[in-house]
Amino acid sequence: MIAFISDLHLGNIYANKKETEEHSYNALAKIEEKLLEYQPDLVLVGGDIFDKNKVSGKEIGVFIDFINKMNKNNIGVVSISGNHDGKYWLKESFDHAIPYILYKSGINPENGYEYYSFAGIYLKNSRDWKTLSMIEDKYDISIVGFSFYTKDRLPELYEYLSIIDREKSDYILLMHQSLKSLLPQDPAAIDLTIENYKYALFGHMHMKYYKDKIIVTPPPYSISLKEANTEKGFWLIDKKPVFVPIEDSRPFIKMAIDLDNPIEIKPNKNAILILDVYYRESQIDKLNLLKKTLSENFLYVKINPILKETSKIIVKKSENKEEIFKKYLKEDYDFFMELYEKFRDIKDPETIVQYLEFFYR
């Protein structure tokens with residue numbers, strides 16, 4: 001049995017809030033807990049292990065600790081690079097990606113680790129062929145890995161894929177992104193032009209997907225707001241793929257309130273709160289107090305203030321009552337049309353505005 005995880009983005013920080021970095025480490029800890037429960041033979045990591053161009057010692061240390069924990073429980077680790085994995089070093093060669101650097105630094109089978117990484121260069125007698133053979137000998141399964149590539153190298157990758165497909169059968173293909181350079185995040189755009197693989201595993205797309213032999217695994221936590229409320233977890237692949245869900249380590253809460261009818265917002269010091277607040281100019285102090293209170297009760301708070309009305313509406317003598325209502329009341333127009341009859345005998349537009357301001361206090 002193998003497990004497929006991807007897009008850990010270790011060290012990711014949301015909105016420059018340093019404390020949010022812990023979300024990535026907590027997510028990996030949850031994955032570790034599940035992996036130790038299910039005890040796969042191998043864990044495949046589909047790239048974007050790290051998040052930033054320059055990877056810190058702490059981030060590398062966290063990943064090495066992960067390898068050690070897996071190895072102590074007789075679980076091997078196989079990884080490729082994603083587009084986030086050491087872009088500072090990733091120039092023209094896959095060999096400069098972080099997983100390969102770890103391998104060359106001694107985190108490899110020759111030094112007692114069950115950790116294997118692929119650059120994605122399948123020349124004769126290349127390290128990738130040797131790595132493939134080592135995994136076959138140890139685990140009786142063929143894993144073919146390709147690290148992140150740029151679109152100018154697509155012809156080279158297709159050539160390697162055709163070589164692999166001629167020489168291997170029933171193998172697991174491990175890649176970071178789709179082969180369509182213009183649609184790298186659309187699983188429907190994957191076009192492998194090969195036949196003999198058992199499963200093709202992809203990361204990068206930040207979604208859960210399984211159709212036919214194509215599997216995409218999501219990140220273990222929400223990297224951004226748009227990923228909130230999407231499934232987090234990883235795949236276990238034995239006789240058939242099974243998805244293992246985990247709780248999101250970076251909870252986002254998005255909601256809207258009206259200061260005229262405020263509601264209680266339950267505190268969560270681990271969560272990121274995105275809040276639309278509808279207010280009037282007379283409620284500025286109330287809005288500021290809300291900001292202060294919420295920032296003490298959430299890890300990070302972003303408030304989008306939405307002014308319900310302006311204090312001074314410029315009207316023309318020529319404007320009729322209905323036009324004034326539309327201008328002043330905006331989205332409340334339909335409701336306040338019920339007041340229209342109250343203004344039947346008032347001719348002056350400014351007087352109408354004064355009445356509206358009175359009703360809005």
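Each Cβ is built from the backbone N, Cα and C atoms, and glycine gets one as well.
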Listed co-binder of Mn(2+) 1 (same site as D7, H9, D48, source Swiss-Prot) among H23, H206: H206
Binding-site residues clustered about H176 (Mn(2+) 2 binding site) [Cα within 10 Å; pool: D7, H9, D48, H206]: D7, D48
C-alpha spacing of D7 (Mn(2+) 1 binding site) relative to N83 (Mn(2+) 2 binding site), in angstrom: 10
Cβ-based neighbourhood (8 Å from the centroid) of the Mn(2+) 1 site, residues D7, H9, D48, H206 excluded: S6, L8, G47, D51, G82, H84, G203, H204, P219, I223
H84 (active site, proton donor) to D7 (Mn(2+) 1 binding site) - Cα separation in whole Å: 9
Inter-residue C-alpha distance, H9 (Mn(2+) 1 binding site) and H204 (Mn(2+) 2 binding site) (nearest angstrom): 11
